[in-house]
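Visitor: Once you've had a glance at the structure underneath, I'll fire off some questions.
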Amino acid sequence: MDFLRNFFSQTLGLGSQKERLLDELTLEGVTRYMQSERCRKVICLVGAGISTSAGIPDFRSPTTGLYANLEKYHLPYPEAIFEIGYFKKHPEPFFALAKELYPDQFKPTICHYFIRLLKEKGLLLRCYTQNIDTLERVAGLEPEDLVEAHGTFHTSHCISPLCRREYTLNWMKEKIFSGTIPKCEKCQSVVKPDIIFFGENLPARFFSCMQSDFLKADLLIIMGTSLQVQPFASLISKVSLSTPRLLINKEKTGQMDPFLGMMIGLGGAMDFDSKKAYRDVSWLGDCDQGCLALADLLGWKKELEDLVRKEHARIDAQKGSGTPNPTTDASPGKSPPPAKESRSTEGERPQ
């Protein structure tokens, strides 16, 4: 009975109280709510769209996206480059691509630093990211602030289940840029960055934090994601039915036919336009511009712009002096705990 009660509560909104907390469904309404005593804990859900202005392509755009530009790797289909079965047999295409997209070649964007401002102002409960570029860490978020749902380049492990030796980002970088396939120094199996390929389990941290975070959230900010990859996309339904949700994206997403949502158990779809809309707000356009618009309304715009300039100058100075980026240092550690659920192959990419 408890299962059925929870199921119908989440999918149909039965048995739960819907309180309207925004005085209007606009960015201005979200701003006033963020400035109120009601908004103390913010969760951010982010995807590839927050990193495109750093020079990292998204995966789904018809001509500029990564999947549209993989012909030179002679793959059976574009998504194969991120499928674990294909990687184990043919790791060469992935590591050739990794050399092109290696994380420390890019600087965080305005979006990344907006999330850091949320942290500095004591508002950030957690940032859940689909991205594997580590730019959240470079921007100043700590591991405790993050759930890297699709993994990260920050560490790597031997793929042999009998070994699982850990390697640092600097070790992996040296192998990738030397043009050699990274092999374990202990058993000679391939070493793979800890990003989640299609067919692999999500990190256990994703599920443990999900269970504790979302009912605490006072606001959900969703940026730069198509919300097509499960189970990440289902996170929008984990907050309470009263929690406002702001989407900053090039297009509206997260909407679903109510009957379909009930049938597959993905209630809580976004509702921006119906007469029943009461908590969802969309700001459509470039994610950096959306964050600047919100920061401006909050009175944070100059602070955000100054932070971006200062941090980009620091990163440039580090690169010029050859000083290692602290985010690339990782000491050997234990193997990761077992995960619980495998990632759907629907739609998007390891982000």
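The chain as shown is numbered from 1 upward.
Positions of Cβ are set from backbone N, Cα and C atoms, glycine also.
Not my notes, these are from TrEMBL:
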type: ACT_SITE; residues: His150; note: active site, proton acceptor
type: BINDING; residues: 48-52, 58-60, 130-133, 225-226, 249-251, Cys287; note: NAD(+) binding site
type: COMPBIAS; residues: 320-330; note: compositional bias 'Polar residues'
type: DOMAIN; residues: 20-301; note: domain 'Deacetylase sirtuin-type'
type: REGION; residues: 313-351; note: region 'Disordered'
Visitor: Validating a neighbour-count step here. Other CB atoms within 10 A of the CB of Lys250 (NAD(+) binding site): how many?
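Guide: Excluding its own Cβ, Lys250 (NAD(+) binding site) sees 16 Cβ atoms within 10 Å.
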Visitor: Rounded to a whole angstrom, what is the C-alpha distance between Ala48 (NAD(+) binding site) and His150 (active site, proton acceptor)?
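Guide: Computed Cα spacing between Ala48 (NAD(+) binding site) and His150 (active site, proton acceptor) is 12 Å.
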Visitor: Just checking: which of Asn131, Thr225, Lys250 have a Cα that is within 10 Å of the Cα of the residue listed as 'active site, proton acceptor', counting only these binding-site residues?
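Guide: Of Asn131, Thr225, Lys250, within range: Asn131.
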Visitor: Validating a neighbour-count step here. Other CB atoms within 10 A of the CB of Ser51 (NAD(+) binding site): how many?
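Guide: 27, counting other Cβ atoms within 10 Å of Ser51 (NAD(+) binding site).
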